[in-house]
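> One structure, as C-alpha cells, below. Some questions next.
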Amino acid sequence: MIAVTRITAKSSTRNLRQKLQLNNYFSSKVPDEPTWVPIDKEKLPKVPELDEATVNHLERLSLVKFNNQAGVERLYKAIEYANQLHMVDTEGVEPLDSVLENRSVYLREDKVTDGNCLKDILQNASLVVEDYFVAPPGNIPLKPVDKKSSK
Amino acid sequence: MLSLTLKEVIHQIQQGKICAKELCEKCIARAARVKELNAFTTETHNIAKKQASASAERQATHATLPLDGVPVAVKDNFCTKGIRTTCASHMLESFLPPYNATMVEKLLNNGACLLGKTNLDEFGMGCGSIDSIYGPVRNPWNYHFVCQSLEEAGLQLGSKESHSMTYSQLKARGIHMSAQSRSKVLRQTREAEKMTEDVHCGSDWYIAGGSSGGSAVAVASGVCFGALGSDTGGSVRNPASYCGVVGFKPTYGRLSRHGLIPLVNSLDVPGIFTRTVEDAAILFNHLGGHDVNDSTTVSDPFHKQDLPDISIKDLCIGIPKEYHSPGISEEILNAWKWAADLFEKAGAKVIQVSLPHTQYSIVCYSVLCCCEVASNMARYDGIEFGYRAENNESTEELIAASRHYGFNDVVQGRIFAGNYFLLRQNYEKYFMKAQKVRRLISEDFQKVYSKKVDILLTPTTPTEAPLYSWFSEQDNRTRTAEQDVYTQPVNMAGVPAVSVPVRLSQAGLPVSLQLIGQSFKDHDLLTVAKWFEQQVKFPRLDLSYLD
C-alpha cells in the first residue's frame, strides 16, 4: 500500500516538473495566437464581370489564348485575391519600384564590348534565311476562340 | 567523403588529401543512386569530369584555385554556355545560351566542377518544384529508394514500427494528454501509418519545396557541396527549409543577376544552398561584388569575410508577432518559441516587434509578380529563340501558338493576370497600389531595425514538407499564398535572410527557421546564423548506405 502511494507521489512530482519545464520552454515573446486581422470579403470591391470583349483584349495583349473557361476562372480568382490590397490605407504613400532607389546605380560607358557572335545568336532560332530571322505576315489581329464550345 | 562540409572538402583538396577526380566520381555515383529524386534537368557529368581533371592537375602543381574540385549544381534558370538552359519549360527546351551567367562564371573561374542543371517549377513560378516539364522533384527525407525496396522486399512492416515508436516517444516524454487529444494522436498516428505505406510503396512522397527544389535536393542528398538557386519570393529558403539544408538569400544588389533568366526583376536574387552556414559564407565570398553587366549590383567594394565566433550577449533579436499567421503548424510554432528562448537564455535581448503590413505582403507579391511576369514573358515569341510552333498564318497567330505550347497553365495564368492588372483602367488600382503597399512593407523593416533590433527570428515555412498528394490538391496560386507568407516580405524589402534547419519533427522531417538581417550586412546575419546553427546541432541527412 505504502509503495503504491510513493510511486503516485513520485510520478505526480515528475508531472509537475515536466509542466514547469514546458512552461519554461515556451517563450512569451512569440504570440500564442495568430495575429492576422480577419478580412471581411463583403467590404472588398466586387470583381467586375470578365466579358468577352475584356477576355479578347487580354488575349491580344498576352498573345496567349485562354482556350477554355478554366483560364477565365483562374483570372477571376487572382483578381478576387488581389482585391485584399484595398484594405490597406496608402494615402500619401509613394510607390516603391526598386529597393535601390536611394543609391545611384552604375551605368557603364557607352562602348561596344562584344560582337561577332552572329552564329551564337542564330543557332537558337528555328527558322533562319540568309542570316535573317523569319516571321509570317504581320498586322493581322489574333482570332478569338469561342470559350463556351471548348469544354 | 560525401558527408563532409564544403569547408572541409576545400581544405582536404588544398592539402592534397582528397583527389578532385576521385571526389567527382563519388558524386557522380551518388547522383546515379538518387536519380529517382529527379533533382536534375540536365546532368553534365562529362563536363564535371574534365573540370575535375583540370583541378587535379592544378593540385599536382600546388597552384590550386579557391574552389578547386568542389562539385556544385546550378538551377536551370542560370545561363550556361553551350549547356541547355530550360527553365523546366517547353519554351526553352532546346535553348543553348551563348554565354555564362556571372554567378556560373565565378564558380567555374574559381575551379568548381559543374555536375548539372537542377530542376525547378517552370520559370521559377511555384513553391513545390512539381510544375516542371521534367516532372516533380522528390524530397530525400523519409524517402524510400527503389534500391532500398529491392533489398528489403517483403519487409513492409518496418514502416508501422517506426510510427508507433513516435507515439510511444510522445508517451515517454510524459506529455499529458486528455482522452480527446489522445484519440486525435491515435487518429493522426493511423493516418501517418497510411501515409507511410503510400510513401514506402512509391506512390507518394514529401515535396522538396520550390522553386529551386532540385538545388536543395542535390545538396541534401550528398550529390554536391553547394548549389545555386534563385529567390524571388522564397524560392531558395522554402526548399532549403523542407530539405534540411542552409538556404541563403543575400541582399538585393549584392549578387549579379546577369544571365539569370528573369522572373521578377525587382525581387529576383541569386541564392546559395549549402549544408552549413559557414559553407554559404564561403560561396558568398566568391560570388559577391559588383558586375558591370548588372547595373542593379551596387558598386561599393565587397569584402570577403570569415565568420567570427561571437558572443550574442549584445545582440537584440526581434520576434515579429505577425509571423504567427493562421495555418502555422504546432511543430513550427514550438520550434520558433524554443529558438527564441535559446537566444534569450544565451544572453541576447529578445523582444516582440511588429511588422504591421506582413499580412498584405503576399497579396502585394501576387500582383507585382504577375505584372513583371507579363512584361518579362513578352520576350518569348518563338522567332529569335525558344519553341516555334508550326503556324505561318500571321505573326500573332505564330506567337500565340508557340506560347500556348511553350508555357504551362501557371505561366499563362500569371501573364493574363499581370496584363489585367496593367490595363489602363486598372494600373492605378492594382499595380500602383501594390507598389505603395510594397513601400509600407519595406518601411516596416526599416522601422524595426532603426529601433536597435539587429536580427529578426521567424519561421521559414508554416509547416514541414507536405506530402505530394496533399500539395497537388490545390492550384499553384493557392499553395504559393500559403507557403510563401514568411519569405516574400524579405524580397519586398530587399534585405538578406537565411533559412537554418533546426530539428526534426515527430514525422522525422526537417523543421527550419529564418533569420532576417539588415541590408548589406550579410556577413553579420551569417555570423549570427552560424552561432545559432552551432547551438541547434541539426542532424544532417546521411545517405551513405546507398553507396
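Every residue, even glycine, has its Cβ placed from backbone N, Cα and C.
Pasting the relevant annotations from TrEMBL:
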type: DOMAIN; residues: B:22-147; note: domain 'Amidase'
type: ACT_SITE; residues: B:Lys75; note: active site, charge relay system
type: DOMAIN; residues: B:206-526; note: domain 'Amidase'
type: ACT_SITE; residues: B:Ser211; note: active site, charge relay system
type: ACT_SITE; residues: B:Ser235; note: active site, acyl-ester intermediate
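Looking at the shown structure, can you explain where the listed features end up?
Secondary structure at B:Lys75 (active site, charge relay system), as computed by DSSP, is strand.
Long-range C-beta contacts of B:Ser211 (active site, charge relay system), restricted to its own chain and to partners at least six residues apart, with a cutoff below 8 Å, comprise B:Leu120, B:Asp121, B:Gly124, B:Met125, B:Gly126, B:Cys127, B:Ser129, B:Ser230, B:Thr232, B:Ser235, B:Pro239.
Secondary structure at B:Ser235 (active site, acyl-ester intermediate), as computed by DSSP, is coil.
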> Would you mind splitting the domain 'Amidase' (B:22-147) into helix, strand and coil residue counts from DSSP?
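So the counts come to 47 helix, 19 strand, 60 coil.
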> Residues with Cβ closer than 8 Å to the Cβ of B:Lys75 (active site, charge relay system), same chain and 6+ apart in sequence?
B:Lys117, B:Thr118, B:Leu120, B:Ser212, B:Gly214, B:Ser215, B:Ala227, B:Leu228, B:Gly229, B:Ser230
> Applying a 10 Å Cβ distance cut-off over all chains shown, what neighbour count does B:Ser235 (active site, acyl-ester intermediate) have?
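Taking all protein chains shown, B:Ser235 (active site, acyl-ester intermediate) has 37 Cβ neighbours within 10 Å.
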